Amino acid sequence: MAREKFERIKPHINIGTIGHVDHGKTTLTAAITMALASIGNTKGKNYADIDSAPEEKARGITINTTHVEYETAKRHYAHVDCPGHADYIKNMITGAAQMDGAILVVSGADGPMPQTREHIVLAKQVGVPSMVVFINKEDQVDDPEILELVELEVRDLLTSYKFEGEEVPVITGSALLALEAFIKNPKILKGENPWVDKIYNLMDSVDSYIPTPVREIDKPFLMAIEDVFSISGRGTVATGRIERGKIKMGDSIEIIGGSLRKTTTVTGIEMFQKTLTDGVAGDNVGILMRGIQKKEIDRGMVLTKPKSIDPLTSFEAQVYLLTKEEGGRSKGFTIGYRPQFYVRTTDVTGAILNMLSDDNTPLKIASPGDRITMSVKLIQPIALEKNMRFAIREGGKTVGAGVVSKLIN
């Protein structure tokens, strides 16, 4: 059966839910899709559809980032439900790297928790420009003053990481009670249930507060691969978000990663199971490639306009080292330290060869809370660029966040 064509009528925005484990991110995502389905723009998804990986269902927590789509009257959204569990912040980094804005979910019963802070730190680092707050589980809080305190705490936390804490829209509600109302009556309308109305209020805030991004359509095409599939009879598909540029059927593209550097031709482009004539920066797409075996390519590689970028192993970067309270290390580290560097959708081990303090004096030991310049050599080449953001991880912890300041050939 032929796929329907994707019609590009409204601005396309990538958004996501972030926040501490069990504060209600996936339930809220389900409630949003049900709310927008009831006004006719979206296919509703329940919690089980979004919490999709088998190991997630077993644990009841979200592991891989999951994409759903929905529309408001003003925009078309791709929504990534980011995992809240500490082991899976790796996926949060790749999910957040795709966000034009975020919904920070905080339980009104618990207030901000360690991962709330860690997700805010990461959102800032990977360049999420703005967020809206949903204080969830309002039905579990008897005293309205507690909700006011939670709101103040969240605003202060956002301000401390250079988000507009005073201006950020904060909506309180119960994702679960809204979702239950939709399950009872999928046709429920605005004004018929106070919990449902809070979900509409949230999406009105997202529409008005999160700016429509300016896409880098005129730059050379680049997409980091998030996943790879094989479609029998058609070939290999790489999925991801187009970071910049545009792509159409028949274009030549280069696959870069590790020791691989190979040119191929685009034979198909899809977004949310609909065909596209062309993909542009900001689109979450699947790109079908001619003559490529699934085993040749992997998550973390990039698809680019041929000869527009070189794979490198060495660079200098400006780095902030997270404090213990932010989820970072409790002790410092020395030259020779070998953590993982998370860049776009890849992670690769690298050695720190040199460190300078913020006044350019050589450092032997770097401590949590420091801002430093470091020279790094990765164990394998990746597509590196100046001003790229990355995270540094070690043993399940995010220990630092940086920006590439210089490429070394």
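Cβ from N, Cα, C; glycine included.
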Report summary line: Per Swiss-Prot, the region 'G2' among 60-64, 210-214, 270-274 spans residues 60-64
Report task. Choose the correct range: of 81-84, 117-120, 361-364, 369-372, which one does Swiss-Prot annotate as region 'G3'? Give that range. Result -> 81-84
Query raised in the report: How does the model score the region 'G4' (136-139) in terms of mean pLDDT?
Result: 92
Query raised in the report: In angstrom units, rounded to an integer, how far apart are the Cα atoms of GLU138 (GTP binding site) and THR26 (Mg(2+) binding site)?
Result: 16
